[in-house]
């Protein structure tokens, strides 16, 4: 595993490749507000710039998401993390891991990269304070050696932030 916690990479299936090419074209024609896809030749890993929404704690702050697509996307969710430095947020760990149910248990193949990005921006925008999760230090320590957030058994209990 790499230091970014990327899952072991298998070649994308034909279905995944076709779906991602379609999503990329749609993104280029109609990008979600507050996001920029950094163009590379790697369809399996997208780097996306996130710009904090006006009128929120994160207004004009800029962060980067790394989205790694598994072999069987969209039947399997992508791994989505913030690259360093991750925003201070009650559901974002200092290693970039994001506690958001749609990235794990509530994933649906109908979701797209755009819909995931909009959900992440909504999560950021609804926060009333910039702080790390209370268990940040313990969680990050347990994630040493490149553990993927998809290996975590998340407990989704706070829908206020």
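Just so you know, the numbers here start at 1 and follow the chain as drawn.
Glycine residues also receive a Cβ, built from the backbone N, Cα and C atoms like all the rest.
Straight from TrEMBL, the features:
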type: DOMAIN; residues: 15-161; note: domain 'UBC core'
type: ACT_SITE; residues: 99; note: active site, glycyl thioester intermediate
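Taking H, G and I as helix, E and B as strand and the rest as coil, DSSP gives the domain 'UBC core' (15-161) the counts 41 helix, 26 strand, 80 coil. The Cβ of residue 99 (active site, glycyl thioester intermediate) has 23 neighbouring Cβ atoms from other residues within 10 Å, across all protein chains displayed.
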